[in-house]
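Per Swiss-Prot, the feature ATP binding site maps to G44, R45, S46, G47, G48, G49, K50, S51. Per Swiss-Prot, the feature domain 'ABC transporter' maps to 12-233.
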Amino acid sequence: MNTARLNQGTPLLLNAVSKHYAENIVLNQLDLHIPAGQFVAVVGRSGGGKSTLLHLLAGLETPTAGDVLAGTTPLAEIQDDTRMMFQDARLLPWKSVIDNVGLGLKGQWRDAARRALAAAGLENRAGEWPAALSGGQKQRVALARALIHRPGLLLLDEPLGALDALTRLEMQDLIVSLWQQHGFTVLLVTHDVSEAVAMADRVLLIEEGKISLDLTVDIPRPRRLGSVRLAELEAEVLQRVMRRGHSEQLIRRHG
């Protein structure tokens, strides 16, 4: 693990990144810079390239063209600093909660696993089986499993999409709190625009493989649900998502 990034997160730089599947162009010469420790949400219609972007950053796929860098280093060279959460928590049902958190680790890892579970609010469920947990609790285990590695980059692919509304809000608060404590870089893919503006520093809209909106969320934390400014930003993003025409021009809003 690269300890130099533990307190500041992984900076990301994508230069002219494209991803093709035969004749289907999913990402089209995408350029993106994300400073270390920034919380970025990515929204857009299905098939626009959101999850493909996360898969490239996670090393699950390779770009057809372009460079994916952590600062000046190819991201693939420091993949151990990256962790990813999915909508399905992907817990092994035959292993206890604490064993799922420590999956793949060697040596004296149980104390670290207990600390990670405590940070995720599940310290009292360490010895239980995944089948005994609710959907939200399973995602807390998945979050603890990511935290134990002290990642520089946390990738979130719709991890809250299957949760009920109250549990979803609780998980949003937990993820933001842990991000503030640990300083890792976060990329969240979500179809929920309200979730994006509530959690992120910055919201990107990907359309037809390109970034068509790059919006700074200029709201102090903690953010109050139902605030006028949150509603205005949500409406701005939704208006862009729902519009009929597609412009190639990048729209930026700062401050």
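Including glycine, each Cβ sits where the backbone N, Cα and C put it.
Here the structure is a predicted model, which means the values were calculated and not measured.
Looking at the domain 'ABC transporter' (12-233) alone, the prediction's average pLDDT is 94.
Sequence-ordered, the extra residues of this chain that approach the ATP site, with Cβ no more than 8 Å from the Cβ center of G44, R45, S46, G47, G48, G49, K50, S51, are T52, I206. In the three-state DSSP assignment, the secondary structure recorded for K50 (ATP binding site) is helix. Neighbour density at the Cβ, taken as the number of other Cβ atoms within 10 Å, is lowest among the binding-site residues G44, G47, G48, G49 for G47. Of all the binding-site residues given, namely S46, S51, the one with the smallest number of surrounding CB atoms inside 10 A is S46.
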